[in-house]
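> Shown below is the structure under consideration.
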Amino acid sequence: MAGAEGDDSLYPIAVLIDELRNEDVQLRLNSIKKLSTIALALGVERTRTELLPFLTDTIYDEDEVLLALAEQLGSFTVLVGGPEFVHNLLPPLESLATVEETVVRDKAVESLRKISQEHSPVDLEVHFVPLVKRLASGDWFTSRTSACGLFSVCYPRVSSTVKAEIRQHFRTLCSDDTPMVRRAAASKLGEFAKVLELDYVKSDIIPLFTALASDEQDSVRLLAVEAGVSIATLLPQEDLEALVMPTLRQAAEDKSWRVRYMVADKFSELQKAVGPEITKTDLVPAFQNLLKDCEAEVRAAAANKVKVFCENLPEDSRETIIMTHILPCVKELVSDTNQHVKSALASVIMGLSTILGKDNTVEHLLPLFLVQLKDECPEVRLNIISNLDCVNEVIGIRQLSQSLLPAIVELAEDAKWRVRLAIIEYMPLLAGQLGVEFFDEKLNSLCMAWLIDHVFAIREAATCNLMKLVEKFGAEWAQNTIVPKVLGMANDSNYLHRMTTLFCINALSGVCGQEITTKHMLPVVLKMSTDQVANVRFNVARCLQKIGPVLDSSALQAEVKPVLEKLATDQDMDVKYFALEAISGTFPFISLTFET
Amino acid sequence: MLSPVLCSDLAALEPEYTEADVISTVEFNQSGEFLATGDRGGRVVIFQREPQGEYNVYSTFQSHEPEFDYLKSLEIEEKINKIRWLPLHNPAHFLLATNDKTIKLWKVSERDKRAEGYNLRDEEGRLKDLSTVTTLQVPVLRPMDLLVEASPRRVFANGHAYHINSISVNSDCETYLSADDLRINLWHLNITDRSFNIVDLKPENMEDLSEVITVAEFHPHHCHLLAFSSSTGTTRLCDMRARALCDQHAKLFEEAVDPSRRSFFSEIVSSVSDVKFSHSGRYLLTRDYLTVKVWDLNMENKPVETYQVHDYLRTKLCSLYESDCIFDKFECAWNGTDSVIMTGAYNNYFRMFDRASLRDVTLEASREVCKRRAVLQPRRVCVGKKRKETDVSVDSLDFRKKILHTAWHPKENIIAIAASNNLYIFQDRLTPNGHHNTPEIQSAPPKWQTQPNPPTY
């Protein structure tokens, strides 16, 4: 089809092709991303015979180009002539699957997996499986690691002889010399097990799992944990004890903290996979041990799972298990020496109250919350505060308010601005739960104080916070409590505070509505147009543009327009610029010319 | 058997050389087919072993440039402190090179094909007449002369507040460590923006500082073990399985110092300047100023072997202190079968110790003696009167000529010795190519020979 329409249509394609080998990476990348356009122009025949061979050898390129290429080839089937010819895509993807860069290899494998589905069963055995075997027995570990991800996609669709070969190759890779390949095999073990017949899971996968789980490298062992979880879901309950549990138990007590960490991290999945009985007999004690682990990383990972683990305990014995086995450990963690452990716990501990109900919460959990609210580490306190809603549903927040307030005040005045920023973000939530009265009494002054914080990010967050509060409490509340204070700052001697007034008005005008904006805010803004600081003046212009839509047309014409026109003749360039912007934004149909 | 042979003379014919040419690290790759050197000028030179056995320059590239840290008002030298090869990945070779602050991962690869055929231009790059372009042409790859390219793959920056003294690749092939004076960080080879601090010796108050880390190395087989040594003469073994922070060591290798021999210099000379695990993983080799020691990992309280490198300097420590020579950091190396130890000394001398026979030898790597295919003659340093014409008196040793960096081929009897700007490669004359023989030091003159053809640089 190329050439038929003459040179004009050829030209852009010719440029694209030439740029496949441009020295500029960006141009090559652009070209590769339009590979489908090139292929379309070349037609399926030339794509197969010329373009793909060229691409197969283009493995010297930069990672980003190779990555884009690997991705493109995954959806190239139509461009090479449909499923019948899909195997033509295998050579370039095969060479991409052996490069050293992990992301490129992974993408090539992903594309190979995708196009494997487009192979007919015959093509799969004739073309795809040989490729997998070549990769699996490649000289370099890069190709062998890539092979690990391809077994599971071809296994279900090949004859039983080929199946046996595939299993054999997988077995070989599981005992490869290089840890990289063993890791790749371990991470695909669960996935491969899923496509195997149950008998082979028992006869093949279990021994591999056991071997990988006792590998000399802990980086391999820890990946076997995840595989163990997947395998456990495949086996009937009665086989679990004999086939999987000994290995998993061993993993939970592994010498290496990284392996135990992995067990803790996968604990909820594990719990689901093994079912309620084994959970009661095995996982509960294992979980207790993880919560008491000597390595803080492990404790933190386990602490993160406390809520989900408790939630998923069998209902008949849930409360007993929590009260007698889990809660004692949790109590210790509350005063852990490591702050990451404490803050991990703080992010989930509130969730226990819904599980345990009102009485237990008041008696057992509340004291823990109170301790954590006083924790020296701000993150712990923040995590408690950010999860208050769970407790609110069970016992109401009032129970906590005595301790809550000092904690909030302290965070609000923390020396680190990021901590202050975090607590500001919870203010609307807290306000909603504590109610307007409590808020006015205790927290309002904090919210106003943030407006004059010396860090801009805090002032900005504070204005946004005010807007959300008004959304919650309504315009009337705004007019009585915060608007006067905000407008008062317009007379502050510090120009940054005067600007804050403008920023607040920007944020509040919408939620406060036309009346308050026109009556109270607009006069202040207009007055500030004569401020001696140019930054304030051009923010007046921006502010007027912002609040324009809230105002009615008479106010716009009578009050806003003259001021903007005046600002548009300001001495300062920026003021002029923003004034003109505001005019053209607010009065789009009036074109004014100003002498400069 | 030990007989070294000259290999390469980097400064070629020029006796004059600049500071930037001084070699600062030497390292064979895992197969021994390649040898990399780094120098003070931030360059990395890679040598490849030819089928005939000689090492010739394969690739040269600028790894690090001088930099300036504006925040700390600190100049960062481009000098390559360490090079470590990654285990073979694919046909390309990868190595880590570090200066004081930044570690870089380099890929050295070959290219022998070139794309040909443009649509809109001819091969010289001139635009074609568009009317002649009637069909689309897909470029074709054609063979070309072999091109070796070095490309930076990753830059691991900002991980260290102090000067990096060591890097070591883990046997898991996905992580490596980097150590500076006070901390050891663990990196993932694919992740440049974060590293984990696994050892931190920095005291709350810097005035309480009593020791600095001098070297750190991973165990060759066990991915969880690492050893690091300190300026106080101790070497610690850490087990990364036990906890995420390895501040508490699993083992501490330290020899009690005889109080009667204690002097002002005791601590300085006991500072460990290099640590190497044996290939078997069973032993640790440590070098301090006057000795090399072999430690059994199973025995912490004293070394199983101690070899005097230049004991005659014990009486000269005062002047060595004044000239700062006492702070020189000599490296040490095992041979492929862990039976011979090599380390450097002054006056362009280096020493070898045969562990089984307890024989030792002093050899010299210098332009004068290392003629092509020449067999190295042993040297003897004497304290008192010269017994032989060839003996050298302690007082005439040149302390400016020092051999700090040495490397031993992982399998064969080939050694690389860096002496200021010169790299010498010696090989056991009796070792036929590709064959192993058990090295031993003979009392007869060792027959290490210089490599026949000095590579051109």
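The backbone N, Cα and C atoms fix where each Cβ goes, glycine too.
The model shown is predicted, which means the values in this text are computed figures rather than measured ones.
Per TrEMBL, the feature repeat 'HEAT' maps to A:12-50, A:89-127, A:166-204, A:205-243, A:244-282, A:283-320, A:326-364, A:365-403, A:404-442, A:521-559. The domain 'Phosphatase 2A Regulatory Subunit A helical' annotation in TrEMBL covers A:85-270.
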> Tally the residues of the repeat 'HEAT' (A:521-559) by DSSP class, grouping H, G and I as helix, E and B as strand, and everything else as coil.
34 helix, 0 strand, 5 coil
> Please report, as numbers and ranges, the same-chain residues at least 6 past the borders of the repeat 'HEAT' (A:326-364) whose CB is under 8 Å from any CB of it.
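Same-chain residues near the repeat 'HEAT' (A:326-364) but 6 or more away: 284, 287-288, 291-292, 296-297, 299-301, 303-311, 318-319, 371-372, 375, 377, 379-381, 383-384, 386-388, 390-391, 393-395, 399.
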> Take the repeat 'HEAT' (A:326-364) and count its residues per DSSP category (helix H/G/I, strand E/B, coil), listing them in that order.
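When I sort the residues of the repeat 'HEAT' (A:326-364) into the three classes, I find 33 helix, 0 strand, 6 coil.
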> In this predicted model, what is the average pLDDT of the repeat 'HEAT' (A:244-282)?
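Reported value for the repeat 'HEAT' (A:244-282) is a mean pLDDT of 94.
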> How many helix, strand and coil residues does the repeat 'HEAT' (A:244-282) contain under DSSP?
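Final tally across the stretch: 33 helix, 0 strand, 6 coil.
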